[in-house]
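Q: After the structure tokens below, expect a handful of questions from me.
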Amino acid sequence: MKQLEEFEKKLGYSFEDKKLLKEALTHKSYKSPVNNERLEFLGDAVLDLVVGEYLFKKFPKANEGELSKLRASLVNEEGFAKLAQKLDIGKYIFISQAEENNQGRTKPSLLSNAFEAVMGAIYLEKGLEKVRELSLKLLEEAYPKIDLDSLFKDFKTALQEFTQAHYGITPTYKLLGSSGPDHKKEFEVAVLLHEETISTAKGRSKKAAQQEAAKEALKILKARNE
């Protein structure tokens, strides 16, 4: 089937069993005796191991908590949907007309599940090494800078842990002001430590501004403690 061959080229892997590939790309809404849920289950477990091992080797000084946070920031729906988009999986999945009408081809959940299923199918056919090779190549393309700072989604938590460990206190956040019309309001927030302003940042919401300010504060404080 031409459509599947086109996908295999993007993936960089040609399946020996084309039925297995079609199963991996078949959503449960599609009228078919099989769907990709079982392969998704397998792929999820395999990717958990592959990414966990990758981070374990890449960050030899990271502790268990840091490694868990790093993995959680990559092994999730949003992360796998990003890898699926690199392969344009949405173009090749088999979905029902109702799902088609509901923008199913761009839904992060469908893309993520299909990506996991494809990796599960590759694992069945070629084993762990092939999954490792293909998934890590995609991962490094999607995340050119994989490090402890850039992967932590929750910078406020990371900053709090850092300041408690190094200074014995928790940072505080101060709203400096807001600007712009209601539909495009921007907030400015400062991070303070011992009444000292460490960083300031702006965001479209108070939470976004706090995260951005925490990210900057973390960089500044880490540089001070080097």
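Just so you know, glycine gets a Cβ as well, placed from its N, Cα and C.
From Swiss-Prot, for reference:
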ACT_SITE  ASP44  active site
ACT_SITE  GLU116  active site
BINDING   GLU40, ASN113, GLU116  Mg(2+) binding site
DOMAIN    4-127  domain 'RNase III'
DOMAIN    154-223  domain 'DRBM'
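Help me see these features in their spatial surroundings.
A: Non-local contacts of ASP44 (active site) by the CB criterion (under 8 A, 6+ apart in sequence, same chain) comprise GLU116, GLY120.
DSSP assigns GLU116 (active site) to a helix.
Mean pLDDT for the domain 'RNase III' (4-127) in the predicted structure: 93.
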Q: Using all protein chains shown, find which of the recorded positions GLU40, GLU116 scores highest when you count other CB atoms within 10 A of its CB.
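A: In terms of Cβ crowding, the pick is GLU116.
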Q: Using DSSP, how many residues of the domain 'DRBM' (154-223) fall into helix, strand and coil, respectively?
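A: Within the domain 'DRBM' (154-223) the tally stands at 33 helix, 24 strand, 13 coil.
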Q: Identify all same-chain residues not among GLU40, ASN113, GLU116 whose C-beta atom falls within 8 angstroms of the centroid of the Mg(2+) site's C-beta atoms; report them in sequence order.
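A: Going along the sequence, the neighbours come out as ASN36, GLU37, LEU39, PHE41, GLY43, ASP44, PHE80, SER112, ALA114, PHE115, ALA117, GLY120.
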Q: Might you list, by sequence position, any residue in that chain lying six or more from ASN113 (Mg(2+) binding site) with a Cβ less than 8 Å away from its Cβ?
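A: Looking at Cβ-Cβ distances below 8 Å from ASN113 (Mg(2+) binding site), excluding near sequence neighbours, one finds HIS27, ASN36, GLU37, GLU40.
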